[in-house]
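Peer 1: Can you keep this structure in mind? I'll have questions shortly.
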Amino acid sequence: MSFHITPIWMWKGTGNNYAYLLTCDKTKITAIVDPAEPESVIPVIKEKTAKKEIDLQYILTTHHHYDHAGGNEDILSYFPSLKVYGGKNASGVTYTPKDKEIFKVGEVQVEALHTPCHTQDSICYYVSSPSKRAVFTGDTLFTSGCGRFFEGDAKQMDYALNHVLAALPDDTVTYPGHEYTKSNAKFSSTIFSTPELTKLVDFCKNHESTTGHFTIGDEKKFNPFMCLGLESVQKAVGSSDPITVMKKLRDMKNAA
């Protein structure tokens, strides 16, 4: 069953977070992903509900950090019947899906993919229908980048990006938790050069928002954190061991 996704930009100019509405086209049943800033998301929810464009039933939380889960309790005060999916450490959570557990939003299939590293409760949500695929990656995968290893290490991030997410179909559209693409692409350009990365840099010059425009297949071509085996990336960090490459890339990005 088909679906559509509506990004909501929060804390624009500071945190530059995204919440997302995931709506089943047939039933209008909707989940909202990481609605951390109620002031930004509640008016959108109310307007779309009044127009009968959505039937909000779920919150999907990618991890427990305040700028992702901190709005859950406030949202619940307005919409107390919502089911809140996420890690057990996240505010307001009523259900923690197991790794690779499948559930439905309306008639749309969603799979919870545990990707511990940025936090140990990080979950990506893979959405699929016969016609298209998408994944909400929180602070695990950013466009041409990845999250900091606050609660994990390079080995965990390598597994999350290059085993779990890389195994998704290449046409899976990515929806990260922040708008960091311009700075990520700038850093990536100091590591290696590909035609796809050049196009991404150009895209950022003309588009303030980049979420929903790129895919897992694109990430494999312009994200150095997903190109650990590429000779140019290995040369940039001085190692060919994938875990060491991942760690050095993250250290370099942190210092950039």
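The backbone N, Cα and C atoms fix where each Cβ goes, glycine too.
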Peer 1: Per Swiss-Prot, what member of ASP25, ASP121, ASP139, ASP218 joins ASP67, HIS68, HIS178 in binding Zn(2+) 2 at one site?
Peer 2: ASP139
Peer 1: Per Swiss-Prot, what member of HIS118, HIS163 joins HIS63, HIS65, ASP139 in binding Zn(2+) 1 at one site?
Peer 2: HIS118
Peer 1: Which one is it, among the binding-site residues HIS63, HIS65, ASP67, HIS68, HIS118, that lies nearest to ARG148 (substrate binding site) by Cα separation?
Peer 2: HIS118
Peer 1: Would you count the other C-beta atoms found within 10 angstroms of the C-beta of ARG250 (substrate binding site) for me?
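Peer 2: For ARG250 (substrate binding site), the count of other Cβ atoms within 10 Å is 20.
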Peer 1: Enumerate same-chain residues with a sequence separation of six or more from GLU179 (substrate binding site) and a Cβ-Cβ distance below 8 A; give 'none' if the list is empty.
Peer 2: TRP9, ASN16, ASN17, TYR18, GLU208, SER209, THR210, THR211
